[in-house]
Amino acid sequence: PSFSWTRNGKFFNVAKDPKVSMRRRSGTLVIDFHSGGRPDDYEGEYQCFARNDYGTALSSKIHLQVSKSPLWPKEKVDVIEVDEGAPLSLQCNPPPGLPEPVIFWMSSSMEPIPQDKRVSQGHNGDLYFSNVLAQDALTDYSCNARFHFTHTIQQKNPYTLKVKTKKPHNETSLGYSPAMYRARGITETTPSFMYPYGTSSSQMVLRGVDLLLECIASGVPAPDIMWYKKGAELPVGKTKPENFNKALRISNVSEEDSGEYFCLASNKMGSIRHTISVRVKAAPYWLDEPENLILAPGEDGRLVCRANGNPKPSIQWLVNGEPIEASPPNPSREVAGDTIVFRDTQIGSSAVYQCNASNEHGYLLANAFVSVLDVSPRILGPRNQLIKVIQNNRTRLDCPFFGSPIPTLRWFKNGQGNTLDGGNYKAHENGSLEMFMARKEDQGIYTCVATNILGKAEAQVRLEVKDPTRIVRGPEDQVVKRGSMPRLHCRVKHDPTLRLTVTWLKDDAPLYLGARMKKEEDGLTIYGVAEKDQGDYTCVASTELDKDSAKAYLTVLAIPANRLRDLPKERPDQPRDLELTDLAERSVRLTWIPGDDNNSPITDYIVQFEEDRFQPGMWHNHSRYPGSVNSAVLRLSPYVNYQFRVIAVNDVGSSVPSLPSERYQTNGARPEINPTGVQGAGTQKNNMEITWTPLNATQAYGPNLRYLVRWRRREPRGSWHNETVRGARHVVWNTPIYVPYEIKVQAENDFGRAPEPDTYIGYSGEDYPKAAPTDIRIRVLNSTAISLTWTRVHLDTIQGQLKEYRAYFWRDSSLLKNLWVSKKRQFVSFPGDRNRGTVSRLFPYSNYKLEMVVTNGRGDGPRSEMKEFPTPEGVPSSPRYLRIRQPNLEVINLEWDHPEHPNGVITGYTLQYQPCTLPCLPSAVNGSRMGQMVVENLSPNQTRFTLQRSDPISRYRFSLRARTQVGEGEALVKKSPALLDEVEETGPETSPETSPETSPETTPETSPTISPTTSPTTSPTTSPTTSPTTTPTTTDTTTTTTTTTTTTTTATAVASTSAAAERAPAATTKHELAANGSSIWDIRAMANSNWANITWSHNFSAGTDFVVKYITSNKTEKSIPVKAQGPSSVQLADLTPGMMYKLWVFPIWSHPSEHSYITFTTSSAYTKNQVDIATQGWFIGLMCAIALLVLILLIVCFIKRSRGGKYP
């Protein structure tokens, strides 16, 4: 349609006013004052017209007025003098506003004026005093008007009161009591009305609005007001007293509320009455509002417009916005007062009719579209609706339709049967089908069919009847101790096709779930309950269609905290009363009653199962649940005869398993998965072994589990071969050497086969390579490394998968004469198809031989031509030993041997030494005071050195190195002993310098660097390498020596060997949960120098054998079986003193976890580094001096006696 507007009855041209716009696709008018303009210029009466080819519709008239907040007229307010006890009214007379302002009284200090039955504000805004007291003069009074739309407040100049009293004001007087009035000499008076005046008045009110009746009276003391209606009671529910009973509000007034009302004002001196006559008038209101009328050609119809009011409204008809009298004549139309009758209508006479009902209090305007047309039936609502309803509830199926002539509508169920109307069904004229009680058998497809003379239309509605939501186990009233963990149950049964939402209320308000509260599928758990948690708890279970609720009260008892701490904590009691419910094909609900937590909250429940077909009597872990639940839905596998048990766990340990539940047998089915880990590889050169990981008992799903194995060569015309086996391997014979095969392994039982399996690629067996690398070239990089290049073999000669190229080499001789060398063969690996690499960690100054092979999965191929090469000089290793002797307090004698690996021609030795006053360590330590360093360069043949001591008390730190022309080698560091004649012999110690045997040389090449690996057996100090660049890893030992590569093997802190020897062996404990839910805990090791007692606790079933496995720090491993009939202990004998051990305890049918070990260290056979005072040099010297003095004294005494003198 098109839209237009009139203003004050004249056309309003929207296009000519830039401040006015009309929204697109609607007739909404927008007036924008942001860019300026006077809103007053747009005041007036507006009306909207909507037109199209079929007629014109009108809106009701809209009155636009601008809200204003005029200023209060300036006036001079004199001081008001009044006698104490006299009545007083302070007039407000607010400026007019649109809408009327809100009036309130305040003092000039912006404090609200207190109001009561003596002082109150009237509906007109005036402030009334029933009687004035002296205290009323303590403040001034200002009337304030708040204008809502302009957000402004206007304030009138304040009134000031001067109260004339007969006695001085006493602030401690007793309120408004009669004694106070008499004490102040105030005369008590009968009531009189301040508003309204006289004994009677009248009010007119329009129907449907609120009426306020008001009576304000004066008197001493202040009178009470009561309201009555003549000849009837006050309407219950419609009347409400206000303003301290001085006003009576009647809501939504109707004609029945007219009559005489009177207010009665009374005090101890008498009473007075005022009568108010209420007359109810009414603006027009609809009795029959005209509705749209659709007629077919030749049909009759009528348009009715009936309205009522007081006075009775007049009816005026309009057509397309014009009075019907001025419209073109229509022979098929006849106006009869409030009704228009249509007879034999014809196409083309469609129009919009307006009915205007008006009286002096207002008007009503309604539009009705009369359409004359012939239309076949149409369904107006959506097709193929889905209606869901809860069983036994009322529902309605809607089918809005249209047509001319008006169609007849009928309902059918599932496309057959009679029309649905009557009994449980009721068909309404608007097309709806009402169903009084929906039952399961009422589910189906309902069809509504609309028919008239021009055709028919139909739509389908699908009805689904759902099960109701019910709480089958709700929360129960509980009394719990503070700090405990109560659980409120809420198990719900609902229709599985509807989404369930469970919410909790506390004291009928939504419950905030903090860190201490956890909501689960079937309950609520409160951890560490406190007094504030006490109250009503409501579980509300709801779906999109219905809901149910259950309530319980939680009482929390306070227990002193010291009593809680004193309670002993133990492992929980076993769960009991296991129950299986909600039995289904693949699931079951297990419920149990928790045992006592024994003062340590239950943290977990372990559910275990046992089946009697494949592993009878063997319990397996099924699932683990939080300690807050006591019910869980368990997922099951087909063809398993289950029984369950539950174990409770707290911080102390695990409970005894519960008694088993009853058994539950699931039906069989075909397997749902196929074996994993499918591989194909040759064990000989003419076969291929196909292996896989078989299905376990819960994956078999049925009897006679077997595997259909299929294979074929991976080529376009390869044909499939198959074999059915029951094991986990199948060997294919007479295969070509190393060709690819496609492999499939499919599980099958008596119920059928698993889904189509994935295809895997396997290879037949390999044979040894037929060719060797050629054109081998060697380039020396330094004294310990060489670079290799070679020509690769052709891939056809490998006869398998190329693994690596290997270089076998050995030290043939040293360039030094008469030096024996080991000729043990070593090799380095170069993975992949490459033609270069680096060999490192060679011995300097030596002759080497080298040959190469190519390797596949079967082994090495033929060897290449042998190559020889020398290595240049390097730095030597440390001397073999360094002996220190102290024959007396003046000298120290040193003696050493040549290096084990000279790595060249020895050119001399460098000896460094310095004194220290505190115990000397191999390196400077905070607290050691070191003297000046002295350096001695010694000849290559010298192996002895004598040091003249300058201080007999100080000890010395010595460092000895051998050197070649390349440089100095590794240092041998030694400290002098603290005892005379003590000899200490030391081999090489670790120092920041490294030898070729303990660290790799750095090579500048970018080609891969491969460290040598001893062949055929691995050296104790090296490990085989398979990566392009490998660093040797030393064997783990329990010492303070730091190797170049450190591997952390346990989180247990281990001290050095010496420290471990000095301390007493301590017991170490460990807790380990086994795979079947039983556990081993409290593992202890009490160790001596060469034995250890091992004890542990467990809750495994009787007859369980155990294995004690222990490994030394140098990787020596031993295992000892322990029979079940013996105690849970064992003694380990023949242990090494001062050695650290890792120890595992586990059932004989299980395997230990990698991190579930404990550690202990045996004590040393003797104590090292202990200071024995009897062997200290200073102590021996002191004893010698004392002995010398005693000897001299004896000699003197002997001489005295020989001369005849007396000796006292």
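Any Cβ shown, glycine's included, is placed from N, Cα and C.
According to TrEMBL, the compositional bias 'Polar residues' annotation covers 657-668. Broken down with DSSP, the compositional bias 'Polar residues' (657-668) shows 0 helix, 2 strand, 10 coil.
Residues or ranges marked as compositional bias 'Basic and acidic residues' by TrEMBL: 860-870. Long-range contacts of the compositional bias 'Basic and acidic residues' (860-870) within its own chain (CB-CB distance under 8 A, at least 6 residues past either end) are made by residues 768-774, 776, 778, 780, 786, 790, 793, 797-798, 806, 808, 812, 815, 845-854.
According to TrEMBL, the compositional bias 'Low complexity' annotation covers 988-1049.
Per TrEMBL, the feature domain 'Ig-like' maps to 1-67 (among others). Each residue in the domain 'Ig-like' (1-67) gets a DSSP state, and the totals come to 7 helix, 31 strand, 29 coil.
TrEMBL lists 73-160 (among others) with the feature domain 'Ig-like'.
Each residue in the domain 'Ig-like' (191-279) has a pLDDT score, and their mean in this model is 93. Under the heading domain 'Ig-like', TrEMBL lists 191-279 (among others).
Feature annotation from TrEMBL assigns domain 'Ig-like' to 284-371 (among others).
What TrEMBL records for 377-466 (among others) is domain 'Ig-like'.
Residues or ranges marked as domain 'Ig-like' in TrEMBL: 468-555 (among others).
The domain 'Fibronectin type-III' annotation in TrEMBL covers 574-669 (among others).
Among the features that TrEMBL reports, domain 'Fibronectin type-III' is placed at 674-767 (among others).
Annotation source TrEMBL lists domain 'Fibronectin type-III' at 772-874 (among others).
DSSP assignment over the domain 'Fibronectin type-III' (878-983) gives 0 helix, 46 strand, 60 coil. As annotated by TrEMBL, domain 'Fibronectin type-III' applies to 878-983 (among others).
If you look up TrEMBL, you'll see 657-681 (among others) marked as region 'Disordered'.
Annotation source TrEMBL lists region 'Disordered' at 859-879 (among others).
Annotation source TrEMBL lists region 'Disordered' at 966-1049 (among others).
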- Note on the structure: Taking DSSP helix as H, G and I and strand as E and B, the domain 'Fibronectin type-III' (674-767) has 0 helix, 47 strand, 47 coil
